[in-house]
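Feature annotation from TrEMBL assigns domain 'Major facilitator superfamily (MFS) profile' to 1-380. Marked as transmembrane segment by TrEMBL: 38-55, 67-86, 92-113, 154-172, 204-225, 231-254, 266-283, 289-308, 329-346, 352-376.
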Amino acid sequence: MRLISFATLFVIGTDTFLTAPLLPLLQREFGVSVSQSGWLVSAYALGYALFALIAGPISDRLDRRKVLLAGLIGFTVFTAACGGTWDFWSLFATRLFAGIAAAFVTPQIWASIPVTVAPPSIVKTMGYATAGLAIAQVVGIPIGSFLSSLGWRIPFFAIAAASVLLWILLYARFPNVRPANAAGGRLFAPYAHVGRSRPLMLSLVAYLLFQTGNFAALSFIGSWFSQDFGATQTMIGAAMIVIGLGNAIGSLTGSRLVARLGQQRSLLLGILALGAIYLVTAFVHTMWIAVVVLALGMLVGGFLFPVLMSELQSHTDLARGTVSSLSNAAMYAGTTIGGAVGGYLLTQFTGYSGVAVFTVAAYIVSLGVYAFGGAFKKSTETIS
């Protein structure tokens, strides 16, 4: 399960984060502003966030293997179509549909881990999935940046080809994961279960706030480096390798620290540390110092992300697919909001100061909501 979790999140993660370092190139290609180019990041996120609301209940009623394989076919087709677009709005549309297809893919991984892996290994396996996202930044995104020197279309075609190989791997290795209970009743019945859990609903709101701040910061790193430091695509790609390496290390080694601290303390200290690190970027005026600071932030983020996902999944036994989809919808809704707000803040404030302050504020409010929902108490409510 570790290999297929890693591979799936690596391919989807590479596509998810691909557009951010390409924004300066796409901005020039289509003749749009920095803030408008941010909607190319938001398009994918918007499609994912909206259709995750449907994908969750569907996957809770069907074999997750079938949902996963079908979703990956759509993802492959629309990602390849991104490389064939001709203007801003055609790329926006294909990114939107790629996000819709991805909404049926990654939630199956997160929802399957707790039921296919022994309890002591759940956080560690989720760490491998998170590492897939991290390695996508270390290897996939820089390669995408370098391939873009041959043309901005090439990275999309490369990801589509990788998706074909991933489909073959999943077809051979991913197990049948059927619903815990026989399907019945209304399609959206799982939402009734979720809605009855106040701690779970508050955790989802807190997660949305966290990811809004998180992606406001992450989505415009390339644009910041290009605008303030005159970085080329090659320089941005090299910087992303260093930054993503921090995330990879945090993802692969963080489970040991979580075991020592406990999940509740890890959640609290992780968000506080990440906020403090992003606040430092407001005072950075040298690119490579910024790279080191952001790499440290991604190290903490790699440690924190499996904790966030495990906290959400801990609230339910019955509607894991719905919760997984809702958490991903919250993340991509945060990406949409963060992408829209971050571009504006980058152009209106000096350096990364506006983005940094917004991110820290979002983290603080997120912590308040987590606390209000009882996330830092010893016992949590589980719906079953």
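Even glycines carry a Cβ here, placed using N, Cα and C.
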Chain residues outside the transmembrane segment (289-308) and at least six past its termini with a C-beta under 8 angstroms from it: 123, 126-127, 129-131, 133-134, 137, 207, 210, 214, 217, 221, 224-225, 229, 239, 242-255, 257-258, 263, 266-267, 270-271, 273-274, 277-278, 280-281, 352
Average pLDDT across the domain 'Major facilitator superfamily (MFS) profile' (1-380), rounded to a whole number: 85
